[in-house]
Structure formats: structure tokens, C-alpha cells
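Everything below concerns the one structure shown next.
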């Protein structure tokens, strides 16, 4: 352990030992420490064991009192030493004991000066006091600290110092019970000290950290004492570190300037005139009156009646609370007055006032608990009574008024039993809170009821408007929006009338009622607008459905068959006109019956626009749909903008063009399939021009047989080659295809005819009679001709049905 070095800093006459301090600083090399040092001082009553504590705690060698020679002053002035074995460098100052016999009763100036000096230069101040002195004014250094606090704030800049109260010869009383008393005393001293303007609101914690430790008796329990001191010593290691005992070290002086700083501080303290302690009479009165007050306060807290009331009030109201507490207070204060009547009047009155404040502070939580029980109980009773009144059919307004007045009167009556006259507390805040709670509950019930009623009418409006509006928009005609407006007005008027009747029992002001009715009307409007916007999002699908229905079905809703007689162009225009009407209806919301030109604009721009007329209008007038809004239509009521209408129409035409093309193709195909005869004029021309040939045929019937056989052959070739199908893809492809199949088909046909001609000859018996043979040959030729005709007719029918050519069956 490092050797300690000590010196007397200030002698008993108050002279500062400048040379001794300089020598001390050189010995301990304090000037080299910079800011890494700490100063600890101790003060307390004379012969309270301060030097003994320092020697055991810091390894110093301060002179200790010899108990066998009697109790007398040992330390005179202020001594300084370096603590052995503690880092950082720690300097400890041993102050002369206060309340010493040697200096006399009134000579306390040096005690005040030394205490103030210790507080001014120290980071940690140990206040040594006996355990049995806690609660005493003089022994606990309370008046001294009060004066020191006041003067220190006036003389020096703020510096956070740690005040460590060391309780010596600790008794059985737990430290947990001793510490709060000490802290409360320190706080009261601080609060009572007059402060300069700059520190009017500054808390004690801004200047001091208060610590409390307790040590056993050194003489009776030496081993235990040394063990506790060893544990305490550990707290002084690294005391200047953040969170250490040395506080925040604001304004700490560098070590090299410590000597000069200490000299100046002592000089200022010596010249100060404001450090006189109160007169002995006042101090005695202060100590004694406080002891009496503490005793009466303790007796009150231990009183069985009070303890029973305090315990009972936690769970519920106590009958006769105000009278019982007032009786206890009167008894306690009268006992204090009878015992303190002979002490200084100012001190006695002050301590009595403090006692009253402590007693009322003790009672106040119970008082507020009583009011809280009354308030909560009254509120619950009100809720039950109010609910029963509403359930019984009583009007909302009358039920709330009657129940409120009744239960507020009950609360006022109950409060009169709780009032404590001495305290002067009133229950107005609690009463106001109860009234606010009742009003809040009434408002919540009203809001719930109103919400329920409003939701009911909103649901009815939704059901009454949503489906019909959707159906009307689906039809989309000139009378769509007038019908919607009529529906809207009818259903809204009905709902508003019903809601107005329902609101009459809630005692609402006219403005609120009008707002609720207006909100319901706006809700109905929002239902229609929402449905309109929803349908507007599906307008392209609806347009295509309408076009498909009108284009593909006739007026009787029967599917159209494109026979060639239908006016596809007219049907297409009618279907597109109807689809455009749907688009114009869905373009804007028209609940306000304000005229607009949307339908005309769309018709002129999309339906009537064609060829050069459209080009000329675009050049001279401009595109009426090249805009993001409609004229005379607010943006809020616009569902589909003009430019969106143009885009939708372009997409609509693109997606429906295929249906028109298919219809036209089907019509052309039907015409080609059904148009086998030449035009009438050609038939007339053939009859006129072919009259001579017709007469020739009549004069020579053999030509008719040749022509008939040629017709049959031509018909068979037509069916076999399927000429109509070949020419369906065009003239040139049809000619090329027929030219490749013509010769094989003719050869195949002649071969089959030959086979038909040879079959009877090989199967018929020879005829000896020439006449019979001639007749038989004539029959065979007729049979062959008949079979050929039948075969050709069968081939035509098979070709029309799409079947392949097959040879004729043999005739028996």
C-alpha cells in the first residue's frame, strides 16, 4: 500500500497553511494529475469517530481520540492527507468536529466556515452521524447544511457534489427505514433555502447526489465494522469515472491550480458575514417541536382506527369517513399544541403547519379513494338504471335527463359524508368527472343507437337502389337516367322521412339532425354513383353484348340466317347505334337533371363520321373527343372521358368487325350455292336466239337423244369433278385443278360405261330368232341408257351431299 502524506491545511485559528499545502502537493505530485484527482472531506459532531473512519477507510494516519483519557477535541482545524492505494489520486480532508465543548456554545463560526469550505472544494462529503441522532436537528447538521446551501449558491458556481451520510453504530432499525427520513430532511432543507433568481426552480439533484450508508459499532463489533468499511472502500476506486461517487465534476479545478483555488475560497468564506446559525433558543425549539410533531405523526399512523380506515378504503367506501378522520386529526393536533405551547411561537406554529401538511398528505390518498369509489359506484348504478329505462320503452331524452339528475343528487349526498373541514378539499373535480363520465356514456349510447338506426336505413337504401340501378343501366336508353332519378328521389324521400321520425326521440339539435339527414341523402347518391362507376368499368363488355344480341338476332329474338336477302350494313349500323347509346348513357352521372351534349357529340364523332366529311370536319373544327372532360359536365360526375370513349369505340369496332365479316361471308356463300340458273335476261336471249335450233330438234327427234346422252355425260363429269367446289377458291385455281383431273375422269367414266355395255352380252342366252335378237338388243340399249341416267343422277346427289363417286349397281 502507498505511504500516505498528511498536513494541516487550516489551523484552529482559521489560518491557511500555504507553505504546508505547497509542500504537500509536491510530495504527492498532485500537480501532475491534471483533472484525474478527487477530494473527499468529512464533517460531523466532535468525537463521533471521523478520524477513525478515515484511517480505516483510506489508510490515512489522522490522530484519533484516546477513549481512556476522556472525550475531548482531537482534530483542530482542517487536516489533509492522501488516500493510500486508491486510484485516481484521492485527497481526504478531516474537519474539526462540530458542537465541540472547547469552542463554546456560541462560537460556531469556524464550524460553519470549515463546513462551507469542505462543500466548496470537495467532490464527496462524508457526513458522520450517530444512528440515534437521526431526527435531531443539531446532531444531524441540518441547520448547518441549510446555511451552507444558501451561501454556497450565492458565492460559487453550481457544482454537483456527493453528500454521503455515514450512519455510525447502526441499531436494529433497517437502513431502508432510516434512509427515507434522511433524504426527506435534506429535501426539506433545500426547499426552504432562499435561492437566487437563476436557481429558483433548480432541484436539489442539480447540485448534490445524496448517498446513505450505515456502519456497525467500531468498539462493540470491530470485525463487522472493518468488513463494512472494506466494502465501502471499493466504492472510492475510480470515483471520477462516469457514474462514480465523484459526481459530474462540473467546474473542477486542474490539480496544478488546486492550492491557489483553495486559498481564494477560504478567503471568500472568511470575509462572508451571512453564516451565523440561528440562536440557541430557536434551534432548541426547532429540534424539540419537530420531535413532538414526529411523535404525534407516528402515533397517528399507528392508530388502530386510522389503519382500519386506510385498509378498508382500498376495497370500498367507508361509512362516516369524514367524521372519523376529522376526529383523529383534532385529537392529534390538540395533543401537539398542549406539549409545544411553551416553545418559540414562530417555530411552534411552523412545525404545527408542517405536521398538518404531513397528516393531510397521509390522508389525501384515502380521501381520493373514497371519492373514486363513490364516483365509480354512482356511474355503474346510472348505467344500469339508464339501460333499464331504455329497455322499458322510455324515450331516450327523458330517460337520460331523469337518470342524470337523480344520480348526481345521490353523489352529492354521499360526498357530504366524506368532506374533511380541516383539509378544505372539495369534491367538485370528482363531481365534474362523474358528470363527464355520465355524459360520455349517454353520448356513447346515443351514438350507438344513432349508428344502428342510420345503418338500418342505409341498408334499406342499398337494397332498394343497387339492383334496380344496375338493371336500368344495363338497358341504357334515353329514359335510363330519368328513371334512375325518379327511383333515387322516391327511395331517398322515404328513407329520410323514416330517419327523421326515428331521430325525434334523441333530443338532438336541428343542425345535427339536418346533417344526419343530408348524410343519408348523400349515402343514397353514393350508392348510385358507386354502382354507375362499377358498371362503367364493364361498358365495353356490355357494348359487345348488346351489339351481338342485336346483330345476331332478329326482332323476334330468333337467330339470324344469312340467306342473302338481309341488309347487313343497316343491321350493323342499328346495332352500333344501340351500343353507342349505351356508351353515352354510361359516360356521366346525371342525377341532377342537367342537360348535356354527350350523346350528340359521340354520335357525330363516332357514328356519323365517314370519308371526306370526317376529314373536313377534323381539319376545320377539330376532334371533339380529343379532351379529358365533357363540356357542361363536372369532373366529379364524369365516368368515361371523351378520349376514353374514343378509345373504347375503336376497341369495340375492332372486336365486333369479325362478326360483320363472318356474316357477309356467309351471305355470299349462300348466294353462290343457290344461284345455279343464269340471269333471266340470259334465259330470254337463249330462247330468242336458239329458236331455229329448237325447231330443228323438234323436226329430228334423234338429236334429242344425242343431246340427252350428252347432258347425262356432262352432268356426270360436273358431279365427278365437283366443279362448284373447285371454283369456290377462284377461277384460275379452279381451271388448273379441273385440267389435271379431266382426262382421268373421262377415261374412268368411259371404262365404266363399257363395262356396263358388256355385262348383258356375256350373261344372256343366244337368240335363234333374229327378230327376238333385235328386240333383245333394243332392250339392252334402253337398259344401258337408263342405268347411265340413274348413275349420273346418283352422282349429282352424292356430290351435293359431299360423298365420293361410286359405280351404278347392276340391273338384273
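The chain as shown is numbered from 1 upward.
Just so it is clear, glycine is given a Cβ too, placed from its N, Cα and C backbone atoms.
Nobody curates TrEMBL annotations by hand; they come from automatic prediction.
Keep in mind that this is a model prediction, so the values were computed, not measured.
According to TrEMBL, the features are:
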| type | residues | note |
| --- | --- | --- |
| TOPO_DOM | 1-677 | topological domain 'Cytoplasmic' |
| DOMAIN | 34-249 | domain 'GB1/RHD3-type G' |
| BINDING | 44, 45, 46, 47, 48, 49, 50, 51 | GTP binding site |
| TRANSMEM | 702-721 | transmembrane segment |
| TOPO_DOM | 723-812 | topological domain 'Cytoplasmic' |
| REGION | 756-812 | region 'Disordered' |
| COMPBIAS | 756-778 | compositional bias 'Polar residues' |
| COMPBIAS | 784-797 | compositional bias 'Low complexity' |
Only counting partners 6 or more residues apart, tell me which same-chain residues put their Cβ under 8 Å from the Cβ of residue 48 (GTP binding site).
97, 128, 129, 130, 168
I need the neighbours of the GTP site defined by 44, 45, 46, 47, 48, 49, 50, 51. Which other residues of that chain put their C-beta within 8 angstroms of the C-beta centroid, in sequence order?
97, 128
Among the binding-site residues 44, 45, 49, which residue has the fewest other Cβ atoms within 10 Å of its own Cβ?
45
Count of other CB atoms lying within 10 Å of the CB belonging to residue 51 (GTP binding site)
22
Using all protein chains shown, find which of the binding-site residues 46, 47, 50 scores highest when you count other CB atoms within 10 A of its CB.
50
